[in-house]
Amino acid sequence: MSLMEWLYLVIGIAVLALVVLGGVLVGLLPGRRRVPTTPPAEAPSDVLAPPETGVTEAEPGVEVPAGTVAPTLERPERPASRLVRLRQRLAGSGTLGRGLLGLLSRDQLDEDTWEAIEDLLLGADIGVQPTQELVERLRTRMRVEGDATADARSVLREELINLVDPAMDRALHVTGADGNPGVILVVGVNGTGKTTTVGKIARILVAEDRSVLLAAADTFRAAAADQLGTWGERVGVEVVRGPEGGDPASVAFDAVKEGVDRGIDTVVVDTAGRLQNKQGLMDELGKVKRVIEKQSPVTEVLLVLDATTGQNGLIQAKVFSEVVDVTGIALTKLDGSAKGGIVVAVQRQLGVPVKLVGLGEGPDDLAPFDAAAFVDALLG
Ligand SMILES: Nc1nc2c(ncn2[C@@H]2O[C@H](COP(=O)(O)OP(=O)(O)OP(=O)(O)O)[C@@H](O)[C@H]2O)c(=O)[nH]1
């Protein structure tokens, strides 16, 4: 190779080296790093993927605060079957029936037997007058229908049902006229189970798909309003209440007004039952009723009576029936009384039908009263 050829070769290699070196240097300059035109396939999905925290994805537009649990409302039992379910709760049920049947089935219905029958009836709190009437009817029928045909059980059943009076209107008047709410005014001596009964009535109405509002017009006892609040909460029923010691009539008025404005089906008003004097009670209950009726008529005045208080309870109940026009009786704690005859006595003395019976402390242990089902429970 000639000298000139060697020279060209060296120059060529030098130029090539310079080009390569220049390219490398340009590539290393800051701010000029090449951005790929196609982003890595995973990059966008990394941004949208839910964080791996185990939190459930929220629905768009729906806020779910952490730890929130939707309140579950209870579905109360429908009232139709309650008396049958509760029949074994009638304290001493069967004892009276078995005792009477045993005596009536004797071969000889002598005077001693009739006296024993009378004693049994009186002991069950049926009352003197109804006992005499019943014994008279039984005597006649057993004599006329004779030994051969008389079935002591069916005779006794029929006569007891007659005594309880199946013809009485026992429907609870819960519906108002002209689109107004029905208004149930609940009265009675404190401690008879009045507030509890108001709560149980609310459940009966809810079970029948009616809208309900409760009025805590027993402003005398603050706990009564709280108690009602708890009953209401369980079935989604609101309670209108006022300040402790406030005017009961004003609470009742507000509740019924709200009932009218909101198109509520039934407003149930709980009242205080202090019995310090008849005039005071008359003034208070009279005012409550008058004030309610500026909004809408009272459709039912329900007197709550404790079955375990016997004659004493009846005397107290009578005071209420003189003060306010009672249209029905709720007889509570019949499960704690062996004297089912009180049903007859109370109807006779007050002249109004027993419409509901309390047969326990459970929330659905209040049943519509039915004469035949009651007598069947008594007969066991
Ligand atoms: N065993 C039984 N207990 C009942 C019945 N009805 C109510 N009670 C109980 O009687 C107690 C008194 O009931 P309350 O409703 O607080 O009495 P109240 O008459 O409202 O008293 P005030 O609110 O002061 O008027 C409570 O322990 C009730 O659970 C029932 O039918 N059977």
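Cβ from N, Cα, C; glycine included.
Feature annotations, reproduced from TrEMBL:
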type	residues	note
TRANSMEM	6-29	transmembrane segment
REGION	33-60	region 'Disordered'
BINDING	188-195, 270-274, 332-335	GTP binding site
DOMAIN	353-366	domain 'SRP54-type proteins GTP-binding'
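Overlay of TrEMBL annotations on the structure.
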| residue | record | Cβ neighbours (10 Å) |
| --- | --- | --- |
| Gly188 | GTP binding site | 26 |
| Gly191 | GTP binding site | 11 |
| Lys194 | GTP binding site | 26 |
| Thr271 | GTP binding site | 32 |
| Arg274 | GTP binding site | 14 |
| Leu334 | GTP binding site | 29 |
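Taken residue by residue with DSSP, Lys194 (GTP binding site) is part of a helix. Mean pLDDT for the domain 'SRP54-type proteins GTP-binding' (353-366) in the predicted structure: 95. Each residue of the domain 'SRP54-type proteins GTP-binding' (353-366) gets a DSSP state, and the totals for helix, strand and coil are 0 helix, 6 strand, 8 coil.
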